[in-house]
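Scroll down for the structure; my scribbles are underneath it.
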Amino acid sequence: MAPRDQKQEVEMLEESTIQKPAEMATSDVDPVAQKSLLRKLDFRMMPVFFVMYFLNHWDRNGLPQAKLNGITTHLDLKGTQYNTCISILYVGYLIAGIPSNMILTRILAWVVRGAFLSRLFIIEGAATFGFALIAIFLLPDTPGKTSWMTPEENACSVIRMQEDSVNQLQHETPMQGFMSAIKDYKVWLFMLMQNMHFSAMSFNQFFPTLVKTLGYKNTITLVLTSPPYIFSALFSLALARSSGYFNDRTWHIVGGNLFAIVGFVLACATTGLAPRYAACFLFAAGSYSTGSIILGWASANVADSHEKKAVTLAMVNFSAVAANVYTAYLWPDSDSPRFIIGLGSSVGFSFVCGLVAIIAWYLFRRSNSKRLGEASGDNVKLQKQPFAATHINHSYRQGISAMPVTIQPRPEKAGANDDGVVSSSSELLVVTSKEWTAKRPREIDFQHASEEFIELLEPFLVDESLSEWLLPAFTTTTANDKTVAALTLMSTMKKYFDYTLLCGGCGFPSVTLEGEKKDWELLAAKVRNLADYGDEPADWSVCLVKVVEKMIESFDKLDDDNVKDFWMRACHAAGENGSGGTETLSGWLTAFCYWGDDGKRVCHWSDEGLEELMPKVDRLRLTLDGIPFPVISRGNVRKAVAEMPIVVKDYGTLMVHETTAITGQMAMKGVQMDDESRITHVQPMSGWWMLEDKTYPFTE
């Protein structure tokens, strides 16, 4: 298994300077903890966000209702003056949107949207303002520092946010984040997409007036505006859930806009009561449903830093609000009752929104292909294609050489003398307790742990020259030697430090099949012989043979999507969607977990038993060419090593040594590096050890 050439990605990871809280040293993020955290966040945050968004739109939707009740007559608004009022309303959003988000990256991790106070609707404005103050105490603060979360939950929240981004987060100033955002073509694509989306939604400022054309009085008209919005809410939830389940953005955005186009066209074509009211359901649901998907897509693909992410979301919202400035003039009263201008324009806006989504999908897919590289070399190298090109999957962005280790000084466990000086038993380190306590957690790169750990210790060494001979630097010294030496040194200093290794992501960025095709065909022939040794071995051989056949097929079909899909389903039937956090293993690797240590068949779930498992991804069963594979617990993965007792009789010393021999695939070793000595390829390493258990004199 060999990660693709990822020099650029690794550099981005190495520039990450996010400081994890000290409590993360004791965290152990597992699926159960993640689910518990999600439930806690959902119960705590979703009601708050629901009320905030409700109040935010409550204020703005008061103006269309006021128009229906005669505000234009009371204020003597003529022609497009009402339309101008709507345009002016959103100018404040445009002026403050981007700067406010840049400021928020230096204050808190969440945004509270204010509402304009309207003299006509002072109660609504007061309610919004009042709840915004309450929300300050209800919403979580910066991830990792939330007071109502446990240390483990804070740690989990930080890791989940990192994994939710395409790139590992860097640190930038607000202005750097702004410049980075405006230079990124993806940001402009999302801005155009969101602008078209909101332009298609311009009917919401005139929806009561539009429904009024059905011929009912004001009160009934206002009642009739509710069902389309309720249907829109339900449709939006369903589309968002489907988007997450299928890990797709593009085609859900396109589908939602097609739904809206059908509604707009139908509304243009008729003023009949039933068809036009049905059209309101269609275009309202189709228009509203894609907004959250676009924002989620933007958030995941441009999150190089907190600052850039904040600016990006502000720019995307800026483009959305800008739509309200000019679309207000597309619904003049003179166009009533058909409103051909507004409805016809909305058809075009929805079409362009879907088209931009497809263009983004194409560009992102092409970008992914460039990252993945081309097949090269004498051996077979299978380059992974993304499961859904609408989302550059973060699961394949983490390099082996870029796993960060967080080092946290432990002042409470270091001994201090009467002068307040902390000194190790070997007296290599001398530092005042105050100095030591002030040291912040330091994140170093695992591959370059040697140099960075020495750099951390250097200020506290009793003799500066010690740093020159603490680590090997001979002509035969390899990068691996330096890492081993650094880790050994770190072990001797464990009394004074806490170490936390953080890693994330899984999958096969690329795979190299070594040897020749005939070697694998010979292996397949051996596996087929298992069928001669009983029913269970025969069942086992069916799965094993199919796996080996697929590997042989890989030699001849490097670019075949089915072959790449086979490799992506090694661990789970869901492919990359089943990586991390699942309760089951259902990929073809389960064929290698057929027998337990006791020689009995490993317990696996039946389809009926799987019905009791949640979520749905845990219930998937892999089928290759009609052959079903078992679904097993994660704990049933077999060890790659074997052990047996061996008695060693040494006639030279007349001693008997009772030992345990351990053999198998003991580890993974780096077999290829880039120009900066970073490991880019690994392969299993076989080996054997004999561990002495007992020694006694020869008695024979």
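Here the Cβ of each residue, glycine as well, is placed from N, Cα and C on the backbone.
TrEMBL: automatically predicted annotations, no manual curation.
Taken from TrEMBL, the feature transmembrane segment applies to 86-104 (among others).
What TrEMBL lists as transmembrane segment is 116-139 (among others).
Here the transmembrane segment (219-239) has long-range neighbours at 65, 68, 207-208, 211-212, 252, 255-256, 259, 277, 280-281, 284-290, 292-293, meaning same-chain residues at least 6 beyond its ends whose C-beta is under 8 angstroms from one of its own. Here TrEMBL flags 219-239 (among others) as transmembrane segment.
Cβ atoms under 8 Å from those of the transmembrane segment (251-270) belong to residues 193, 197, 200, 210, 235, 239, 242-243, 276, 278-287, 289-290, 293-294, 297, 338-340, 343-344, 346-347, 350-351, 353-354, 357-358, 390 of the same chain, restricted to positions at least 6 beyond its ends. Under the heading transmembrane segment, TrEMBL lists 251-270 (among others).
The transmembrane segment annotation in TrEMBL covers 277-298 (among others).
Under the heading transmembrane segment, TrEMBL lists 310-332 (among others).
Residues or ranges marked as transmembrane segment in TrEMBL: 339-364 (among others).
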Below 8 angstroms Cβ to Cβ, which residues of this chain, lying six or more residues outside the transmembrane segment (277-298), approach it? 186-187, 190, 193-194, 197-198, 200-201, 203, 207, 210-211, 214, 224, 227-229, 231-233, 235-236, 239-240, 243, 249, 252-253, 256-264, 266-267, 270, 312-313, 316, 320, 346, 350, 353, 357, 390-391
